[in-house]
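Noted in TrEMBL for the protein shown:
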DOMAIN    149-243  domain 'CAAX prenyl protease 2/Lysostaphin resistance protein A-like'
TRANSMEM  34-57  transmembrane segment
TRANSMEM  63-82  transmembrane segment
TRANSMEM  103-125  transmembrane segment
TRANSMEM  145-163  transmembrane segment
TRANSMEM  183-200  transmembrane segment
TRANSMEM  206-223  transmembrane segment
TRANSMEM  230-251  transmembrane segment
Amino acid sequence: MTGTATTENSLTGVENSAVSQAAAVPGTLGWGRFILQFVTVTIVFFAASVPAVLMLGMTSEGLIGSVVGSMAAALLLCWFWLSRDGHLAAAWNLRAPKSWGNTFALASLATVLIIAWFQAGSWLVSQLGIDTPNVVAVMDFVTESPTSFVMWIVFVAWFAAGFGEELLYRGFLMDRLQRLRGIGDKIWLVILIQAVLFSFPHLYQGLGGVLITGVVGAGLGYLRVKCGGNLWACILAHAAVDTIMMSLAYANSLGMLGTS
């Protein structure tokens, strides 16, 4: 009985330790270290996007290589910073959720809401006199050939967007902001800042695209908080949205949707 009690106490201690490590404690990250991490990740992200385009040109393969290369390099540096700070498991919470059913339900709901927002958001920005998001150039590469379509789904929709952007923005960035002095105790501000930063790389879609993806980023940030920091619902929803939008574009290019 004594041995059992000791074992139970040990397990409880481990569980409590894991819980305490999982929570991002506000005020434990200084501004200097945050700026260093943020700037270096940003520089690496953009620098790593160049080689593939220089070697392969502005082709489908070149753009895929650029997107994958930049995301892989950025995530590698994020891993380095998080590991050094001892926050890797907390920031990149990829543990099995308490309920996969609830996770899939939340991801499905988020997917529907995001796609609905794309339509509503496009109408709204047009009413404000702002150009709607322009993704024609990208979708032309996606629909170039069956091989190109599959490559964009696997390497961009699933890896770079679904997995990569969620680890980068909802994982690394939100964890850093939640620990940052003066900001970390205001979760609404954390969600807002990461959403704004998430929207900037979508400048190629125009101002309308930036505004619409900013709202999506805020929604995904809230979803991460709703899931207690677990990223699976965000990853599944993001990957599903991009897969659906690319698939619709490809089906349309084949004349399957009855539109030109």
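Just so it is clear, glycine is given a Cβ too, placed from its N, Cα and C backbone atoms.
Those TrEMBL annotations? Automatic predictions, nothing curated.
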Same-chain residues at least 6 beyond the ends of the transmembrane segment (145-163) whose Cβ lies under 8 Å from its Cβ atoms: 60-61, 64, 67-68, 71, 235-236, 238-240, 242-243, 246-247, 250
Two-stretch contact, the transmembrane segment (230-251) and the transmembrane segment (103-125), at least three Cβ pairs under 8 Å: yes
Structural state census, the domain 'CAAX prenyl protease 2/Lysostaphin resistance protein A-like' (149-243) (DSSP three-state): 83 helix, 1 strand, 11 coil
The domain 'CAAX prenyl protease 2/Lysostaphin resistance protein A-like' (149-243) [mean pLDDT, rounded to integer]: 96
Cβ contacts under 8 Å made by the transmembrane segment (34-57) with residues that lie 6+ beyond its boundaries: 63-74, 77-78, 81, 168, 172-173, 176, 180
Beyond the flanks of the transmembrane segment (206-223) by at least 6 residues, Cβ under 8 Å: 106, 110, 113-114, 117-118, 121-122, 125-126, 130-135, 166, 169-170, 174, 190-192, 194-200, 233-234, 237-238
